[in-house]
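Visitor: So TrEMBL says this about it:
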{"type": "TRANSMEM", "residues": "24-44", "note": "transmembrane segment"}
{"type": "TRANSMEM", "residues": "50-68", "note": "transmembrane segment"}
{"type": "TRANSMEM", "residues": "80-98", "note": "transmembrane segment"}
{"type": "TRANSMEM", "residues": "143-165", "note": "transmembrane segment"}
{"type": "DOMAIN", "residues": "244-300", "note": "domain 'CBS'"}
{"type": "DOMAIN", "residues": "328-386", "note": "domain 'CBS'"}
Amino acid sequence: MDKLKQWLRGFVPERIAVNHQERLRAGIGACIGILCTGLITILIEGDASTLPYLIAPMGASAVLLFAVPSSPLAQPWSIIGGNTTAALIGVTCAMWIAHPATAAAVAVSLSIVAMFSLRCIHPPSGAVALTAVLGGASIHAQGYWFVLTPVALNSFILLLVAILYNNATRRPYPHLVAKPAQQLTKDIPAEMRFGFNTEDLNAVLKEYNQVLDVSRDDLQSLLQQTEMHAYRRRFGEIICADIMSKDVVSVVFGTLLEDAWLLMRQHQIKALPVIDRARRVVGIITQANFMQHANLEVYEGFETKLKSFIRRTHTLSSHKPEVVGQIMTSPAVTATANMHIIELIPLMSQTKVHHHIPVVDDERRLVGMVTQSDLVSALYHGRVANLRTLGLSS
């Protein structure tokens with residue numbers, strides 16, 4: 001009985017976790033996409049054309065491109081490759097198989113196999129294959145010209161509108177997931193050493209052996225975010241404001257390199273946030289910036305080169321950087337005061353991010369600084385407190 005109930009639940013749609021704004025955005029996008037596709041196709045083909053200026057599968061393609069633009073089934077190669085491949089197969093089946101139902105079945109079947117092979121799975125393409133077979137005399141009369149127009153033409157116009165609209169409404173398309181900076185070693189990234197990694201995910205997907213309507217990168221990103229939320233729940237609400245240094249030594253764009261280096265030595269720190277007159281963070285300068293611009297690849301002549309680099313030039317012109325703004329890292333990676341400390345882990349584990357993160361308010365004004373040692377200390381004490389709560393530590 002329980003298995004029957006569980007099976008019946010499969011017929012009930014799950015709740016879609018998308019707000020009304022996103023639903024409206026997708027609907028408006030589909031309206032613009034279909035309208036532009038139809039009008040432009042009419043302009044190109046002319047009113048006298050016997051071919052339809054829009055084919056029905058474009059409606060299904062619009063659902064994917066505007067409602068789920070991050071789906072692997074909605075990417076540019078999926079719509080162009082899938083639709084044109086299915087059209088080619090459909091036209092061929094219509095020519096060589098006399099019985100319409102048989103031709104339709106074979107066309108859809110071969111289209112699926114071809115799309116798997118060409119890595120362009122696009123569900124509406126199955127309808128494209130059917131249209132080529134069952135579309136009527138006007139479509140059959142066009143032969144392979146049907147592949148170019150309206151199929152390829154419709155697909156290209158709809159894709160172009162989707163690229164413009166999705167990016168204009170802050171939905172990056174084509175969809176790409178930002179990958180962590182390469183550390184140029186054989187080790188896996190630090191953030192993956194204690195959780196699952198890409199190899200683990202690949203192994204599970206191979207065992208699952210079904211097509212998922214989410215990219216591998218998106219799935220990995222979602223699972224990693226889930227891990228972060230779990231860590232946050234376990235450690236409690238410890239935010240950056242709780243662990244940051246508030247009396248922060250800072251510099252401005254025009255601070256002389258000599259003065260900035262002296263501040264680092266006096267306060268025994270390795271990084272200085274760079275702020276403007278409104279105390280907004282515009283960059284960060286670290287010891288690494290000095291080393292890099294002083295051309296200190298080798299130890300020989302280290303002290304001499306560094307002194308020469310930071311020493312102020314008293315002439316009207318200089319061939320080397322003179323002020324902080326010329327060598328700082330900008331924009332600086334920052335955190336907000338109310339950000340949970342767990343969110344700092346992926347930031348500090350990236351190879352291109354310094355181990356000092358300025359903390360800013362809602363207007364990007366400097367309010368503090370968090371270092372790697374601050375984070376490690378907070379994580380340690382948070383873990384100890386968690387174990388004591390569970391009765392596992394004295």
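Yeah, the Cβs are placed from backbone N, Cα and C, and that goes for glycine too.
Describe the structural context of these features.
Guide: Tertiary neighbourhood of the transmembrane segment (24-44): same-chain residues 53-54, 58-59, 62-63, 65-67, 149-150, 153-154, 157-158, 161-162, 165-166, 169, 171, selected by CB-CB distance under 8 Å and a gap of 6+ residues from either end.
Long-range neighbours of the transmembrane segment (80-98) within the same chain, counting only residues 6 or more positions beyond its ends whose Cβ lies under 8 Å from a Cβ of the stretch, are 57, 61, 104, 106-107, 110-111, 114-115, 118-122, 124-126, 128-133, 140, 143-144, 146-147, 151-152, 154-156, 159.
If you look at the transmembrane segment (143-165), the same-chain residues 6 or more away from its ends with a CB under 8 A from one of its CBs are 29, 32-34, 36-37, 40-41, 44-45, 51-55, 58, 61-62, 65-66, 69, 76, 79-80, 83-84, 87-88, 91, 95, 128, 132, 135, 173-174.
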Visitor: So if I exclude everything within five residues of the ends of the transmembrane segment (50-68), which remaining residues of that chain have a CB under 8 angstroms from its CBs? That is, six or more out.
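Guide: Here the qualifying positions are 25-27, 29-30, 33-34, 37-38, 41-42, 74, 79, 83, 122-125, 127-128, 131, 135, 138-139, 141-142, 146, 149-151, 154-155, 158-159, 162, 165-166, 173, 213.
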Visitor: Would you report the average pLDDT that the model assigns to the domain 'CBS' (244-300)?
Guide: 86
